[in-house]
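As recorded in TrEMBL:
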| type | residues | note |
| --- | --- | --- |
| BINDING | B:Thr299, B:Arg330, B:Glu353, B:Asn466 | L-serine binding site |
| COILED | B:101-165 | coiled coil |
| DOMAIN | B:207-493 | domain 'Aminoacyl-transfer RNA synthetases class-II family profile' |
| REGION | B:435-458 | region 'Disordered' |
| SITE | B:Thr468 | site 'Important for serine binding' |
Amino acid sequence: MALQCCYGGSTIQTLKLASIPSTAPLSSSAICSPFKTLTITPSAHLIKALSSPAAVVDSTTTHVVKPQWKAAIDFKSIVENKSAVAENLKNRNSTASLELVIELYERLLQLQKEVEDLRFERNTVANKMKGKVEPLERQRLIEEGKNLKEKLVTLEEDLIKLTDALQREAQCIPNMTHPDAPIGGEDSSTIRKTVGTPRDFTFSIKDHVQIGKELDLFDFDAAAEVSGSKFYYLKNEAVLLEMGLINWTLSEVMKRGFIPLTTPEIARSLVVEKCGFQPRGDNTQVYSIEGSDQCLIGTAEIPVGGIHMDSILADSSLPIKYVAFSHCFRTEAGAAGAATRTLDMATEDLGAPAYRKYDIEAWMPGLGRYGEISSASNCTDYQSRRLGIRYRPESSTSPPTNTKKSKGRNLSPPEFVHTLNATACAVPRMLVCLLENYQQEDGSVVIPEPLRPFMGGIELITPKSN
Amino acid sequence: MALQCCYGGSTIQTLKLASIPSTAPLSSSAICSPFKTLTITPSAHLIKALSSPAAVVDSTTTHVVKPQWKAAIDFKSIVENKSAVAENLKNRNSTASLELVIELYERLLQLQKEVEDLRFERNTVANKMKGKVEPLERQRLIEEGKNLKEKLVTLEEDLIKLTDALQREAQCIPNMTHPDAPIGGEDSSTIRKTVGTPRDFTFSIKDHVQIGKELDLFDFDAAAEVSGSKFYYLKNEAVLLEMGLINWTLSEVMKRGFIPLTTPEIARSLVVEKCGFQPRGDNTQVYSIEGSDQCLIGTAEIPVGGIHMDSILADSSLPIKYVAFSHCFRTEAGAAGAATRGLYRVHQFSKVEMFILCRPEESNAYHEELIGIEEELFSKLGLHFKTLDMATEDLGAPAYRKYDIEAWMPGLGRYGEISSASNCTDYQSRRLGIRYRPESSTSPPTNTKKSKGRNLSPPEFVHTLNATACAVPRMLVCLLENYQQEDGSVVIPEPLRPFMGGIELITPKSN
């Protein structure tokens, strides 16, 4: 399922950095330096980014939101492919500011060089003082050294602020897009595949709520009292259906070589962010735990993405395929042998992490329309650059290896893996589909054959006699 | 599983009520009232309870914690059985203050009478004014009426404060105790039943953490990074074991007539409190959701208890038996110590819970039924365990009687709790407001509201019971440690095999 993700302007409300003296010359006029005096006049929005308030105050908490972690963003590639990146931003309707990112990056490179140069100067001075030196010259060198040290400290602080500002802006840039993905909004998504046709009913049909009421399968009212709206109890055969769906799906996917997992349903908000979600934005989909940095997961993609955080995997271990079962929690703030169609999602509907996304919609006769039942995204290296998941490609001359003993042989430098995620079964949507599509005129519901062995063999849900 | 519950002094830190003028006479000296002037001098701790600060400030939030709801406590019964209640408090080591509750209650009764009397006076005065009255007399009556009204307003405010104070103190009083429950602390719990004996291993055994590592069944380290300590991933056959345990347990308990349920895992803190837990105490076991009044459930007992909140059930619908599957979340605050390694004490776990609502006279029998089901389930899985009749200091506030089952965990070298079965009698139902209309012997049984007008008894509170059918992590500890083989494999108990695609053994994987 798509969750909107972006770190951009709408969630960060006021930015404040101690102001960087933007026009002061970098070298003292009193000392004759071998390096040119660099006077930089940053652009208007660069000044704005750098001189806005230091503490990002999130309206929902009083936490200072300075980027807590760094994404390993490929800035060089962004600069080299500037027009492709700009076009991508346009196609995705993104609010990220490419110009600003490039400016900050170029400023960063300059500043890094200045810092390097200053360090070199300072070492030179320090070295001069090791040999025999006249007292007057020694005094001069000491002052020069002190001067350089002060400048260095200032520049190093600027470097940190600049790096943070760059991270903050660059994290807003969404993933690139597959060349075949349709460009535009919802209506531009194209149909890749259609399976089946909507069932032709010879009687007037009910929606799943009505069916559930008559077959005593759900309780929404009690749940509204106990928990709030959009909660529910499943009862009787609906429980068997849920268990059947989960068990069958797990077994089907395991047969295809996926490693089964159950996962924590509480995760640190850091991990949630690294996967591309916004725990603390307005209209966030994410529940937070009071008094901690933890959140409830909206999808197992998060805890599974986190398993190999900050690791370097052996090439021979790839691909790693997981099938994970978890409960999922979403606030739904601001926010619905059956016929299905697979959509190739258009650029404005891809979440920030997705390079390409296919959604499957199933016909829901009770609703009279198609409803999303799953989503499959290729996130390429968007998440892995944030989660820090890399691997060492086997060079063609070295033998395959699983262990760290391979250090010293022909090792390639580590590269970022690609990650993908896809819904195998989202139970409530499946229940809607099954109940509405398989209803009979007499009020009973047929259980699809594949599920029956996982449900103690039952073939039909029938009305209960009272 | 027992969760500590009490609303008592330790969680309510400062209490403030506007002070009640405790010695002002209740009637104006200027008016000749037929009623005696009542001057009450409340006891020392009554004054303290009533004149402490109004806002209860919880250290973890800035919410004012005035009781948000009322428990239908039987005060009359408390007064009538004062010494039994006092003895129960002593046996349970409770910090509730019985004296204070009784004082507040008696004060409340008096105040209610005074309010009634004042209202009567006021009506009398109002009636007098309806007839023909001399202007001077009319003036006097108007003043008297105004006077009475002011006194009434003050007394009615006092009544509210008194009712709140009484609720707050009385909610601390734990349930009564079954006469056969052993009295004392942990060591006084007695063994009701023992099944099986510890397995005799002919090789040196491993604990479940070691077994899990070698068979690639868990990941604690990744979970610590992603979520924090005491979280875990299950992998491979452990996932099948979890699914197998849940499915088998559900099907076994359903066979015995229990209605299967899955439940919300988020509940309003109100409901959590009514079940007898403290979401906002120090060392609370309960996770709260930021920016809302919601919490994560620590057990399905909470959402199931809430299903029939504020309802009157038909007698013929009892007993209602539910078997509910949910994930459970516990902070485990204050639970330090050695036995926290691996799966023994975790923040999140799957559990199948049995819950019964029944007529009062049947709850003891259903308690026996629940423990019988648990003992049968664990026997079928081949576990060695003992059933304990829990002593008074270890009963939670809601439990009238509690049986815990502890199973032998060879890797830990001791017994560990795998389930708990409590008879809460009417403790929870008086808070959740769950009642039923007992059938009178002369009226035919009926399910509908059409019975109004026939011989209907007044509604009474149901009894509620809850019992763990399967708490997955503890079961995993037991199964892995008890069924390990010398070659590192683990045998799957027979009843679970059909629910796990037929596998009989978990074997080490070749790398």
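Yeah, the Cβs are placed from backbone N, Cα and C, and that goes for glycine too.
Small disclaimer: the values here were computed from a predicted structure and weren't measured.
Under DSSP, B:Arg330 (L-serine binding site) is assigned to coil, being neither helix nor strand in the three-state scheme. According to DSSP, B:Thr299 (L-serine binding site) is assigned to coil rather than to any helix or strand. Largest Cα-to-Cα span within the L-serine-binding set B:Thr299, B:Arg330, B:Glu353, B:Asn466: 18 Å. Take the CB of B:Thr299 (L-serine binding site) and look out to 10 A: across all protein chains shown you find 26 other CB atoms. Of the listed recorded positions, namely B:Arg330, B:Asn466, B:Thr468, the sparsest Cβ surroundings within 10 Å are found at B:Arg330. In the three-state DSSP scheme, B:Asn466 (L-serine binding site) is classed as strand.
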